[in-house]
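Peer 1: Supplied in structure tokens, the structure appears directly below.
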Ligand code: MN
């Protein structure tokens, strides 16, 4: 059975950028519901119940057709939120460093340019979904390859894990992520969210 991971910080740790009430509802209600519905979807599926959710989502062809959409919705909802809590931090205004910032500069030109493209994608993603910074899997040993970073959008609770990509960073642009504080002002939410990005965690995933 899957369980709801605790928030790695206090509900108010992301204030004033993301408010305490939003975090309580988002974690305790929305994320919890994805976990409950994932567990009820997988009743009797012992093999799947014993795998990490990331493995299931990375191998959707192994999921029976009759529960495939439910696994994408609720399994994705669980994995995406568990990831989202970790790539934010109460230690505000961090900056990317080391090989991560080198790769960002190499791919996008600069951190500012990267943030512009990512924010634009998050602003214009229609409906509910996520925008991600992803890394393509390492090339086979012995093959020289440049690390490939990319920005991708997914709808609903779909995840780049299902396309074989490695998520480094993501923003939730479902209205439930920002409506209580920002109402329909998604642009303001995105701008504020950059202040709580846990760049140390992003860098660890990149490495
Ligand atoms: Mn959400």
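Cβ atoms are placed via backbone N, Cα and C, with glycine included.
Remember, it's a predicted structure, so these values are computed and weren't measured experimentally.
Okay, these came from TrEMBL:
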BINDING   26, 81, 172, 176  Mn(2+) binding site
DOMAIN    2-89  domain 'Manganese/iron superoxide dismutase N-terminal'
DOMAIN    96-205  domain 'Manganese/iron superoxide dismutase C-terminal'
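So that I understand the layout, could you describe where these features sit and how close they are to other parts?
Peer 2: For residue 176 (Mn(2+) binding site), the Cβ neighbour count at a 10 Å cut-off comes to 13, with all displayed protein chains included.
Shown for the domain 'Manganese/iron superoxide dismutase N-terminal' (2-89): DSSP residue counts in helix, strand and coil, namely 56 helix, 1 strand, 31 coil.
In the domain 'Manganese/iron superoxide dismutase C-terminal' (96-205), helix, strand and coil residues by DSSP number 54 helix, 22 strand, 34 coil.
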Peer 1: Is it possible to get the count of other C-beta atoms within 10 angstroms of the C-beta of residue 81 (Mn(2+) binding site)?
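Peer 2: For residue 81 (Mn(2+) binding site), the count of other Cβ atoms within 10 Å is 23.
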Peer 1: With every protein chain in view, how many other Cβ atoms are within 10 Å of the Cβ of residue 26 (Mn(2+) binding site)?
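Peer 2: For residue 26 (Mn(2+) binding site), the 10 Å Cβ neighbour count is 23.
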Peer 1: Which number gives the other C-beta atoms within 10 angstroms of the C-beta of residue 172 (Mn(2+) binding site), all protein chains shown included?
Peer 2: 22
